[in-house]
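Features of the protein shown, as given by TrEMBL:
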BINDING   178, 179, 180, 181, 182, 183, 184, 185  ATP binding site
COILED    940-1081  coiled coil
COMPBIAS  1087-1098  compositional bias 'Low complexity'
COMPBIAS  1125-1137  compositional bias 'Basic residues'
DOMAIN    85-774  domain 'Myosin motor'
DOMAIN    1251-1530  domain 'Dilute'
REGION    653-675  region 'Actin-binding'
REGION    1082-1159  region 'Disordered'
């Protein structure tokens, strides 16, 4: 079985199979293709490969037994298909091996894709170039996204950690590791920036970011420049290398808001302060201080150029290309201020740094004993800045004191020892300053209340594995830390691996992995390297050689030979076999660096300094590192042991590992691609060594030890369904299908495991499955080719046979046609002969016949001519006779007729003259005037009779009044009598002799009398009302009577005037019309009063019926005439009470109600339905409208309440509809009502009241609009935007009118104050309109932002090109993929709603254009940015779907006359074109850049690198990808990745208030709105305007 398994592994290498072979060059591995595979019977395997780049053969030979022993690991690693080599997760590779990992990382790096996943690890390759991957828009793209949705990124890891923290309520740690120059610091900085700037819209309780960060977040980001300035330096490998490790805890509260941070540092490289190798620098802060300090501070601190200081000029390098230390110093100062350090405290820090620089310049001389001059300038400056005594500091620089039990011994130091002491003081002060600075930052950043801290996310930025030519104590500590981290990493990966096996419920055995615990024990064990180093450090005579000798003695045993080695050619070094590499450490200075102590005398000097800041730093250092108490032992005199640097680092590292162990860890491995720091250069050997060092390959090895390949049922069935017959496909159980495939393909069940959701494969099994799949497809292709070739050749044969038959037919047809032609010619010859003979004989016959006929014709013609000449002569004679006789007869008749006509004319002329004379005489007589006068007299008589009847009616009313008064007196008498009777009855009741029955009768009679009394009083009151009404009507009749008399007298005076006859006629006609109308009105009143039992109307019109009926006149014309002639209020009141066309109006109202469902104006209904109560309704006339207006305006509270409730809060807005669009008055009536109230207040001098009213209304409108959210805000906000602008237009149009009235009336005293008020009102209205617009746009964009991506990018509306995550064969087997939340129909309906609302609400075209343009811009930008970041949507099918969706939007823009809207979608449109273009050559790429001119090179490169290649497509060649990447130019500011996102909370372009409209006041108010005061005010204003319009006409 084992041999069969080895043979199976070897048979995978079929012809054409690609693999990797190791080489000794920098490439490490080369790609080859298998030419032949030979497996002999004796078990020898011979594989022949050909180099893919060069035509060179490579031969690989081995035996099956070797393959069996190594489990196939000695075979050449297989290469993944080209499609798989671009994957963003190394664990998804079909063949997971070292060259495959290296090639995938290199391929992605060549595409400028620097991030790649490897399971839980993110591999980040330093580009050594500026890349547009960290913009704020990209931060927001990753916010809220799951890992795997977008391309690998730092932000995806940060977001994953944040989500895990929220979901699991567990602390998180992000470990960022890598060697110097790999980009750890930058990565950690961007991770912290992500947490500070990402906007989490999903977390409940988290504060939304409104365009800025909180103070705590700004302080956290400010720590980066501080830590970089004081802890980073330029090295040969990195221009900004962190020379310390740090662990930053970002603290969150219950609402997942950042509330603080805490920094822990590890192993600051103190030796860099005093020495730097060539091309390296000291810490950045010193160079920044020298370059950026102002002149006064330079003079105070005695600062000069960096070249003047020994600590800065040793390496010969003081500048970094592209870095300005002066600007960086300003950044550092701003950061220090941000974290809370005052400017004074900052300069105290810089003073201490200056003192350290001057310490480095102290010159120590001497040969045997060290000497230091008292006049040394650097010594005096340094001690002055430190605030210590110069003499004491000088003394203990060149001397040392040894304390014994009985005495103190002072000895001189050598110059070398004195320099070491001087430098140790500088290192000690700087280290304490660094720790103090970290402590101050922690005090500033930490949450004041620790109970508010619920969770934290830690970011560990720590040095990677280091291996230099000369490795010292710092490298030893760094590699020790990496050993611990690697162990934790391996255990974490192993744990995750085992947890997945358990979760999937598969049978598994323990996976062995390279545990480096023995190496760690070698370092930190009880008798480990660190313990021996501490032991040697505490010995007074301890040396580095003694330390090495102890190591050789303790670890020279066989059990340590695997991890500890002694160098062959050195006795002062030792080698430790770390997990990544064997490192040789030089023991020189190990003891000094481990001790890192300062003499007690210097400690006393520093602690007693006069410089308070230095004392504070030293006190904090003492508090953080308290002196240990002496151990209790037999030797009580043992002094306290000071902790060494190694022990401190060991303790802090253990604490760090405990912290990491209690958190959920995420890993980022930074890779340095080349040593020269050249942009986009990739050195495979260097990268491969770092992959080994950072544990990525170890992770792969652990995975391969178990089941490295794991596929879901869906993925496996989709790829290998072809290995089983198609009858097995028709099943809903994918597990059963996959089991069928495995049973038919892999005989050894131990090579795979089937879990609950996945299938797990041993190493190499997927390769075997791929071989089976390839063989199956090859066989299927061969079968298809066979049948296709058969079909082609058979089709060719059938075609040739058909062609031969057709040729034969054509040949036979030609022969038959020739024979037929011969027969036809013979027959034609016979026919010709026959016809010719016939023709000859017939021709001779015809000639003879024609001669005879011609002869006969000539004879007959002559005879006929003779007869016709005779007939003509006879006819001419007859005609002459007829004409002569007719002329004589006509001449005689004409003469007789003329004579008769002349005679008749003379007689008629004579008669007409006589009649004319008579008519003229008659016309001059007065008979005509008499007739006219007679008619007028009749009219006067009629009027006199009317007056008489009115007088009689008046007498009757007087009589009736007298009767009523008499009746009243009678009732009063009766009352008195009844009262007397009542008194008598009461007296009788007092008598005790009255029976009970009689008493009851009397009581009932009394109640009846009281009731009669009350009824009598009510009747009296009614009589009084009737009397007053009759009195008013009598007064009215008197006025009418006087008017009639005056008209009659005027008519009599003008009768004799001949010139006024025509005018008199018109007056008579008008008088008749008035009488007729009065009669009709009286009848209507009588009928109306009888029905309602009203008796207040005058009975006079009833008597007008006796007048002779007049001609019926037009009622409307009469009303117009009365309106022109009469201005009397009484007539106005008389005319408004009744109307002749009321029934017609009722019918019109009914028809109006049926046709228009919207609320109807009170102007139309009020006259019909009448008034309720005492309300003022349209059509009524008020005696003093001005006073009524004042009364309404004085009641400001009620008016404001009505407007706020009725016109704003409870207003039912007309819905926008294009089928039944609302009219302008239905839209703008709130603005007109509010404007009318305000303008009337201004006219009536209610200035302060109007101001309060207006501002309260504006505040109410704003609150009403801001309370609407989502799609519900579209209609209200649009409605109030247009109404506010209408109100603003009314104010603007009313201002000049009011100004004209004021100056015309001479009341211009307070006009300037009023003008200021109007200006303020207009400004506030503009602000209100702007606020509503922004709130409106915010809600629309918030709603649209949720629709853009699902509708434009995800929805697939175009049939035939639908793509799915699963394959086309198994869509029916899987649960249907969830449809996008929104479709294009939803998006277009939203745009239609917005457009329809603006159209129906009469919003200005400029505003509508701005709104729609910004919405379309959001569609284009959001859709483009999302498509750009998606890794599985860049395919030609998706491009067609998106192009179709964009086309629908463009058609909508054209249909709604928005041509500029299509420009906002140009990025998306060109992107879809680019995805559909051919990409097989460099020329195709150039064509893409020409056609897609709007896309930047970075965008094109991103889209092509994300291009999803289908199974039937050829992958894009690496040369093409490299050509695309070459177009990206570093430093081009126009070359951006993401478009600037359209802000939701703000508009891209400022809102411009449209020009005020030309508007006029409208008095329309819907009948259903309860605004009684506003309605009454509307009626009063109308009447006032009518009276004002009538008064000028009356005066004229």
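Cβ coordinates come from backbone N, Cα and C, glycine included.
All protein chains considered, the CB of residue 179 (ATP binding site) has 24 other CB atoms within 10 Å. For the binding-site residues 178, 181, 183, the ranking by surrounding Cβ atoms (within 10 Å, all protein chains) places 178 first. Within the same chain, residues at least six positions away from residue 180 (ATP binding site) with a Cβ under 8 Å of its Cβ are 235, 237, 238, 241, 463, 464, 466, 672.
Neighbour list (residue 185 (ATP binding site), Cβ cut-off 8 Å, at least 6 residues apart, same chain): 228, 232, 240, 241, 242, 461.
Summary of the ATP site environment: with the site residues 178, 179, 180, 181, 182, 183, 184, 185 set aside, the chain residues having Cβ atoms within 8 Å of the Cβ mean position are 126, 237, 238, 241, 464, 670, 672.
Taken residue by residue, the region 'Actin-binding' (653-675) breaks down under DSSP into 9 helix, 8 strand, 6 coil.
With a cut-off of 8 Å between CB atoms and residues at least 6 apart in sequence, the same chain places 176, 177, 178, 242, 461, 462, 463, 464, 670 near residue 184 (ATP binding site), listed in sequence order. Around residue 182 (ATP binding site), the same-chain residues at least 6 positions away in sequence with a Cβ under 8 Å from its Cβ are 124, 126, 464, 670, 671, 672, 690.
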